[in-house]
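Structure first, commentary second.
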Amino acid sequence: MKEFLLYFIAFGLVFTVSLFAWICCQRKSSKSNKTPPYKFVHVLKGVDIYPENLNSKKKFGADDKNEVKNKPTVPKNSLHLDLEKRDLNGNFPKTNLKPGSPSDLENATPKLFLEGEKEAVSPDSLKSSTSLSSEEKQEKLGTLFFSLEYNFEKKAFVVNIKEARGLPAMDEQSMTSDPYIKMTILPEKKHKVKTRVLRKTLDPAFDETFTFYGIPYTQIQELALHFTILSFDRFSRDDIIGEVLIPLSGIELSEGKMLMNREIIKRNVRKSSGRGELLISLCYQSTTNTLTVVVLKARHLPKSDVSGLSDPYVKVNLYHAKKRISKKKTHVKKCTPNAVFNELFVFDIPCEGLEDISVEFLVLDSERGSRNEVIGQLVLGAAAEGTGGEHWKEICDYPRRQIAKWHVLCDG
């Protein structure tokens, strides 16, 4: 009886261990087959995240016609980066043009290629590229080259920023630029990425790949890509060269990678007449010599650019005799022209009275990974004009009383 009991216990232990191992294996296999949550993978210098596709890589930076005719053959499962023909900045050598050929470049229409030597031109893209105004035609800002692809196996949207050609010189001394590119997927503005900065070149070859997971193929037609081409400036705000907007409606990615180019156009700068308004509440405590500032609301804020709504926040600077002595800022409110802040700040006043004190409000658009753009400015003080001066006079005349007013923002 005891031997039978021991055999039964041993059999139970073996069965339990086997069942536990089987469950662990099943969990591991099911976890590896799951679709990864949304994220993007940034790949430099054309090294794709899918090695099996590297045999169809093309060289960019040479003439487009020669590129289609003389397509290089790359052995399967090998990395072809053709870095020998790049200069120290990582750029491809510039193609020599004949003196009488600028007109040929001007008359060239943007082309759209399918991988596998198939050529297709969408009517919408031709309309958008040929509808430039006369001023934009006179001021050439260059051409952006990029490719689009959708990987159905990985459920990933892949954008490769290849190069830009013929950019204008933003540095008057060196007659060159330090370009880089910011890309945003519209309309939600959740996916913002940017390339590295290439120094002292007007024909930068970026060849950087951005892979976005978790975007269904059915949603691609509802999106748009916004490229902003900038020149890095170490000592001040970066110079904006231009922008490119690509609606993805009508672009078919089911047949493979699409190579595209678009003319860079001048940025759509918003008018200064529509900067929006800011609701501010002030209270001066003469007994404690403190100033309470409440940033309540903002309304009718303009779009930052064609990329959509702003992500506003407010910086509050306290000045004494034109010298900044304190600064605060609110939280960022995402994608709204009518932001509600309701944030209170208390400033200690270093002197008696408010004659030499002023408060500056800067409404900014939060841009991840780059310098934020000023949407509008407001100054309240004894020397301020309009509603700013009136509001300041009221809090001086009625201390310990919280007084709120709407103010129109001006150019920052």
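Note that Cβ sites are derived from N, Cα and C of the backbone, with glycine treated the same way.
Taken from TrEMBL, the feature compositional bias 'Basic and acidic residues' covers 61-70. Per TrEMBL, the feature domain 'C2' maps to 140-261, 274-407. Look at TrEMBL and you will find 61-80, 89-108 tagged as region 'Disordered'. For 6-25, the entry in TrEMBL reads transmembrane segment.
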Which residue counts does DSSP yield for the domain 'C2' (140-261) in the helix, strand and coil classes, in that order?
4 helix, 63 strand, 55 coil
Can you check how the pLDDT averages out over the domain 'C2' (274-407)?
89
Mind tallying the domain 'C2' (274-407) by DSSP state, helix then strand then coil?
12 helix, 69 strand, 53 coil
